[in-house]
Amino acid sequence: MHSSLAVIPKSLFKSVRTTIQNPIVHILSDDAACIAYIRLTQFTDKTDVLYTQQTEETRVWARRHGVWQNVHVHRSCLNTPGQSNNPSGSLSTAASIAYPL
């Protein structure tokens, strides 16, 4: 998978909380659906500094053999200067992942 989104090693943070906001579900057929939402991830590092990352995500789901499977995800990072406590500044990236059918 190629992604320019930063991955933070678990060893560097103490706690993490993820919230999904404003989910919108589109039923495409009996066997397909799409959900779009804002994902807010907040975590503290080992020194108790709080970081926040906000992303927009869209996921496409397909029912295969009676089981719902995530077949595609797209994520866009929304952080802009001043919205994150991250000293490295702005994150403005996107990643798209297609799972094999």
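The backbone N, Cα and C atoms fix where each Cβ goes, and this holds for glycine too.
Copied over from TrEMBL, here are the features:
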COMPBIAS  79-95  compositional bias 'Polar residues'
DOMAIN    14-77  domain 'Calcium/calmodulin-dependent protein kinase II association-domain'
REGION    79-101  region 'Disordered'
Integer average pLDDT (0 to 100) for the domain 'Calcium/calmodulin-dependent protein kinase II association-domain' (14-77): 92
Counts by DSSP class (helix H/G/I, strand E/B, coil) across the domain 'Calcium/calmodulin-dependent protein kinase II association-domain' (14-77): 0 helix, 56 strand, 8 coil
